[in-house]
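Per Swiss-Prot, the features are:
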{"type": "TOPO_DOM", "residues": "1-9", "note": "topological domain 'Cytoplasmic'"}
{"type": "TOPO_DOM", "residues": "31-38", "note": "topological domain 'Periplasmic'"}
{"type": "TOPO_DOM", "residues": "60-80", "note": "topological domain 'Cytoplasmic'"}
{"type": "TOPO_DOM", "residues": "147-154", "note": "topological domain 'Cytoplasmic'"}
{"type": "TOPO_DOM", "residues": "176-195", "note": "topological domain 'Periplasmic'"}
{"type": "TOPO_DOM", "residues": "217-240", "note": "topological domain 'Cytoplasmic'"}
{"type": "TOPO_DOM", "residues": "262-291", "note": "topological domain 'Periplasmic'"}
{"type": "TOPO_DOM", "residues": "313-343", "note": "topological domain 'Cytoplasmic'"}
{"type": "TOPO_DOM", "residues": "365-375", "note": "topological domain 'Periplasmic'"}
{"type": "TOPO_DOM", "residues": "397-414", "note": "topological domain 'Cytoplasmic'"}
{"type": "TOPO_DOM", "residues": "436-448", "note": "topological domain 'Periplasmic'"}
{"type": "TOPO_DOM", "residues": "470-476", "note": "topological domain 'Cytoplasmic'"}
{"type": "TRANSMEM", "residues": "10-30", "note": "transmembrane segment"}
{"type": "TRANSMEM", "residues": "39-59", "note": "transmembrane segment"}
{"type": "TRANSMEM", "residues": "81-101", "note": "transmembrane segment"}
{"type": "TRANSMEM", "residues": "126-146", "note": "transmembrane segment"}
{"type": "TRANSMEM", "residues": "155-175", "note": "transmembrane segment"}
{"type": "TRANSMEM", "residues": "196-216", "note": "transmembrane segment"}
{"type": "TRANSMEM", "residues": "241-261", "note": "transmembrane segment"}
{"type": "TRANSMEM", "residues": "292-312", "note": "transmembrane segment"}
{"type": "TRANSMEM", "residues": "344-364", "note": "transmembrane segment"}
{"type": "TRANSMEM", "residues": "376-396", "note": "transmembrane segment"}
{"type": "TRANSMEM", "residues": "415-435", "note": "transmembrane segment"}
{"type": "TRANSMEM", "residues": "449-469", "note": "transmembrane segment"}
């Protein structure tokens, strides 16, 4: 009894803070401001009220329902819908990281450029093919690092992540108060209520996927439900606190961006270099030169490296660690003496290399390539969130079978409606997000659209091939 009480020591504020560090980042503010300008303030309010809050609480119920499961989403699907769909969920969770892995070395290069040169000129000095070749070399190097299991790098990454988190909050505080403390002039003039109201047109709709991408990943906090004291009350309280904290940071951060960058004339490379521009301007406001920007660039470099190494290794081991031989060939699961899944790493390398080099055939500018890959992530990554809502809908249908300690909505029809809404909204965001955010029907727009349509189908479709290969191997 004493042991059980000792295990459940997390309070609602612990849950809120742990979740906040996991879910939120300064890049979310910059990327969505680059897409929408100050209109994003309205978008944040909508997303947090009608999507993120129910999403987080749904994760809480699923984590409580399957408190002994170690596979996350795939465990939830396995218990509710069988091993076949559980395999597809696990495959989706892994394969959507491929565009993420292809984009991370780019982010490392950009951060290094700002840390060393104090500006964003590094990616302008070389051709796209040369830069993407260097990106591929970086990826191969960090794949080797991941295979060595360097724990010290993860510790450095954690410290860097905390530093970035603190600096993100510092940015909001210093930028919002700058007009009162310094003589800085607000870049966006004539701000009225109409400044924040979006024009609901096709251009606006195509940017929703980036908002969904920004607030996703709450399923990572599900293991903490059953470590929480009085989870039926404290966990949802922590989640609501999380939603308020993220909403405040998103809204104030967006307002701060509006003070620095004219909402009606957003720089074309803001998505690529905006984080560094922001800290550079902040240093100018307070007569600190490039100090804040360099500190942030160094912390971001280390954080991106750690995130890349972790994302190469962890999702793959989740997929292969508890692999069912009916769905995944044994050859793919083969490991070397250090426990590295060699063939799994090779498959990752092939897919990432294609995604790094193929776009250079039709995208001739590094800034556009970076933005394209980031937008592709906003289309592909939320596909894994769909399985969360599928699992929730299944749990609601099987309500008599499961008796979790925490239940989000006890009214079955209402719970089903919320689950379907979250699933439909995520799917809608993914579908509309495939359209490139640039002048339509140009050669590059068509090329990007083709890649945006083909990539999710190819990546998820590969998952349908492996069960056939496994069946063939097992028959021998």
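Note that Cβ sites are derived from N, Cα and C of the backbone, with glycine treated the same way.
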Folded-back contacts onto the topological domain 'Periplasmic' (365-375), same chain, C-beta under 8 angstroms, at least six residues removed: 31, 99, 102-103, 106, 110, 123-124, 128, 131-132, 209-210, 268-269, 271-272, 355, 359, 433, 436-438, 444, 448, 451-452
Closest-packing stretch to the transmembrane segment (126-146), where packing means Cβ pairs under 8 Å, from 39-59, 196-216, 344-364, 415-435: 344-364
Recorded stretches the transmembrane segment (241-261) and the transmembrane segment (449-469) touching, at least 3 CB pairs under 8 Å: no
Residue distribution over DSSP helix, strand and coil in the topological domain 'Periplasmic' (176-195): 9 helix, 0 strand, 11 coil
Most Cβ pairs under 8 Å with the transmembrane segment (155-175), selected from 10-30, 39-59, 376-396, 415-435: 10-30
Contact ranking winner - 10-30, 81-101, 196-216, 344-364, 415-435 against the transmembrane segment (39-59), Cβ under 8 Å: 196-216
Averaged pLDDT score, the topological domain 'Cytoplasmic' (313-343): 83
Residues from the same chain, set at least six apart from the ends of the topological domain 'Periplasmic' (262-291), whose C-beta lies under 8 A from its own: 26-27, 30-31, 33-35, 37-39, 110-111, 114, 118, 120, 123, 167, 171, 174-175, 178, 182, 184, 187-189, 195, 256, 297, 300, 366-367, 370-371, 374
Recorded stretch that, among 10-30, 81-101, 376-396, 449-469, has the most CB pairs under 8 Å to the transmembrane segment (196-216): 376-396
Residue numbers, six or more beyond the limits of the topological domain 'Periplasmic' (436-448), whose CB comes under 8 Å of its CB atoms: 35, 203, 206-207, 361-364, 368, 371-372, 375
